[in-house]
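Reviewing the structure listed below.
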Amino acid sequence: MAAASTEPPRLKQLLERDPYLAPFRTDFQRRYSLFYNRLKNIEESEGGLDKFTKSYKTFGVNQLADGGIYCKEWAPGAEAVFLAGDFNGWNPSSHPYKKLEYGKWELFIPPEDGHSPVPHGSKLKVVIRAQNGALLYRISPWARYVVRDEDKVNYDWVHWNPPQSYIHKNPSPKRLKSLRIYESHVGIASPEGKVASYKNFTYNVLPRIKDLGYNCVQLMAIMEHAYYASFGYQVTSFFAASSRYGTPDDLKEMIDVAHSMGITVLLDVVHSHASKNSEDGLNQFDGTDSCFFHSGYRGNHQLWDSRLFDYANWEVLRFLLSNLRMWIEDYRFDGFRFDGVTSMLYHHHGIGTGFSGDYNEYFGLHVDEDALCYLMLANHMINTLHPECITIAEDVSGMPALCRPVAEGGGGFDYRLAMAIPDKWIQIIKELKDEDWNMGNIVHTLTNRRCEEKYIAYAESHDQALVGDKTLAFRLMDAEMYTNMSVLMPLTPVIDRGIQLHKMIRLITHALGGESYLNFMGNEFGHPEWLDFPRIGNNESYHYARRQFNLTEDDLLRYKFLNAFDRDMNKLEERYGWLASPQAYVSEKHESNKVIAFERAGLIFIFNFHPYQSYVDYRVGIETPGNIKSFWILMLENMEGIKGWTTIQSTSLRNILTIIDLIQLWCTFQAELLLCFTPWTSQSEVLCNHHRRSKS
């Protein structure tokens, strides 16, 4: 803990690393002072951050050791608070809460003959008498399990206290040096047109993720959301795991099994806003417009039609910080991807704002420093109590130091998403002819990262899979994906080009774009359909709310080649660890030849993006000269008869010639090569992965 100074203890290091931040020293001091003082107040008023963030064990409805029930709520605008439910015949006044200081209310219900007065599975409601006298039946903000009957619109709160909860059997994996993330949605993780389950994901999808070489799964839409088509981003119950996929214990088992496979599990956490639902959400919980949110205009997101948290409010900090801790300690999540961070960081929420990179855009009155302080507190809490956990920021603005330690004045995140990369690929494919692709622009986008901040690269995520947008595969191959993906049909120019560019784009993004990599489920094999959840506009159809994994298992379809390529790409990274290596050395970005070459982790990556020009005796400079006398070739090309990596003797690649610090080789059009060598040894190894356009 720093002394009572406004200066971050290691701010000097940050300013030395990026001198352009020096004019904003006072901004960093003010931000850190806000963080420091709030942390100090928590320690003085609540007994420390540890106790403060355990509030999920006292707020809501919790069973005590003697079988009694202790209830606690924060409802500052309420005139009176009661608990009603199955246990008391839904009597709205028989169990009143006692009013405490600062808008808190509590209730103790003694045990009955040593048993809980509120049995497991009982339906409950908090009854709020509003200031106008109206009785409001609400779900506790701290509810751990909510369900919706098929004949109802709103969710019901169910008391979750099983006689025997799931006990985790496997330890969490050790913190990874780099992440290969499989972004997933449990409900769509099946070829069947229905809401899939935690059990299905556990036994059918996790083995697939493991086989593909991903070491991390990022789960979307876990926090309960009444509207399925919101993709989980309109949260109604923050402490409840979505019941549409199964029970809380089913989710715990799923995470436990993932851990047994060595897979890290991250939660896509939504603390940037909340659903406007009131009967089964946080909105107007105590009958007022504020409570957890800003009141009036400031409390509403104009694009998302949702409520915005008041991050300066003490009880909001308790609620959100405790929420993070509950997901870590009860469910054993290994970290979080924070959604909508840009909306949190700025009072304008990024709406109608184009970020040019001018540092003045990241400092000043337009920055919501209360929200930034919350994120600093969240990362400090996680790093202090669970240092093995990982946090990722989804920020499109590029705020400097967001992924530097809080002690430097930073936001404290471990990673940030490289959100410019998928936009660049879409722009290139959508607007440019193949011969007009700009190699320098591609390299710049893939390498444009803040100094010593880790980025997660991705060519596409769930955003590109949604209806109204297009995946890379669909942009490249369009309607021919439905008619010409059979191996029994001649390889058309569209499919040939599409398959090759799909692989090249993913590999160069994986190898050059960051310190970790992300893929959305199904995109690895070029899933042929967009994602559209059941809604009125599509007659509540589940046809597009699924992932057709079965396509990769059909030997007569070419999807299996893309799937195998993705697996082999991940396996190669696992072997050589380029994501955890220093940023690549780019030795060539030739505009007329359309060639990009770079070195990373002892590998040489060569990409020929030219649409029709192949090269013989093409020379590529290398940073470290080698005396290469023997080598192996590993094929990443997934041709018929070649399943993954295959070694071939060096005599079969006669057109590679090493000349001191140059490599001379043959490179066909729209293809990539990957070479590995150990310099200055007589037994050097060269791995040449040559992805030809034919036979794929």
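Note: Cβ is positioned from N, Cα and C throughout, glycine not excepted.
Note that TrEMBL annotation is computational and uncurated.
Listed in TrEMBL:
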type: DOMAIN; residues: 192-508; note: domain 'Glycosyl hydrolase family 13 catalytic'
type: ACT_SITE; residues: Asp339; note: active site, nucleophile
type: ACT_SITE; residues: Glu394; note: active site, proton donor
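Distance noted between the C-alpha atoms of the residue listed as 'active site, proton donor' and Asp339 (active site, nucleophile) is 6 Å.
Spatially close to the residue listed as 'active site, nucleophile' yet at least six residues away along the chain are Tyr233, Asp268, Val269, Val270, His271, Ser272, Glu394, judged by Cβ distances under 8 angstroms.
Note on the domain 'Glycosyl hydrolase family 13 catalytic' (192-508): its mean pLDDT in the predicted model is 97.
The residue listed as 'active site, nucleophile' falls within neither a helix nor a strand when secondary structure is assigned with DSSP, and so counts as coil.
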